[in-house]
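Visitor: I am attaching a structure below and will ask some questions about it afterwards.
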């Protein structure tokens, strides 16, 4: 039995030789093709002993452990850097890593050293400047926390920030940590391509549960006809000879008996052909293929009135990014429609959606009416999977909230696969929340959640993940 891959076996008594055919001394053990170089340069090994050489290659990621230790140690700095990076990213840009920097001051380590203050004694060998009783001026450098000599500088840090690249997986891990996603959901969302199983013809290997009876019987019939064809042809010839011979000779003649004996042997050979053989078995073959291209549209609706500060907008952006990441796993083509509103709603691009300074009062129904109109104009053909995400602090004109409930319940939810509303406020629920609560019982595709921090976002999608990631 040959040795496993990557292991070379040196013969015990034979001398090492590059040309296997030129070795004069017979070898007592086989030499495998992988062992063409000398593996033993010392004294001959004892009889029936072998030397095992491990030639497995080192891992390509030899520093992976050190990298993980570094990321655990500076987790807070990395999280701050990722949080800053998210502010400048598009919600569609989640398939790349991120180059982040950590200030040099955060990489410093505590250490012990002599303080620069107080009184202390020191022997100066080779003194040629001072005499006993002379006073020496104190150094003009920093305090005990400094490591260099001289005066402090106001020109900035002496070293550049430490910059390194986060991979896509590492970036998503930090992003998911902020959202408190369960591990199973992280694994499912981080996957880029999803596959499905479909039929792909037949195969000669498989499990009994996948056997195809019709195809197997058809193959067995063809094999029996092919194997028995020469015997059947010869049998027909002998039958004609026998009929002609019986017209001239008796039944008990030697020639008739010889023909009948040969015909009996042929029939026995035909009967010995197996009815079905393992070679005939065919099994249904199934392969994994990428899911067919499907398309979805994601509506991002955000309140930009004066009460929505930058911190609330940043939380809303994480909410939209998580929904987009979920949709990106299920659909290959996704369109995103951004609708911002105060008293008037309008469709904008992503940069204006998050960074425009336009503000005003709050009339939420203007955004819902615009979303309904866009659905009917561009996405009502039945070819699109429609998802909606609305973020607001819940502050709305009182007479407008019942209108919002009517527009959402009758004009939007019947068209949507899923619609999620988050109210970003630490206070009591607002009037818009109370109106939306009336829709939950009648619409299973509607979810609403009050959010105070990014970790509260995931419960909005919990039911959606539970249905689609199972």
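Glycine residues also receive a Cβ, built from the backbone N, Cα and C atoms like all the rest.
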Visitor: Write down the single range among 53-76, 77-100, 101-124, 173-196 that appears in TrEMBL as region 'Disordered'.
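Guide: That would be 101-124, the stretch labelled region 'Disordered' in TrEMBL.
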Visitor: Have a look at 136-158, 205-227 and point to the one annotated region 'Disordered' in TrEMBL.
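Guide: In TrEMBL, residues 136-158 carry the label region 'Disordered'.
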Visitor: Look up coiled coil in TrEMBL and report which of 232-269, 270-307 it refers to.
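Guide: That would be 232-269, the stretch labelled coiled coil in TrEMBL.
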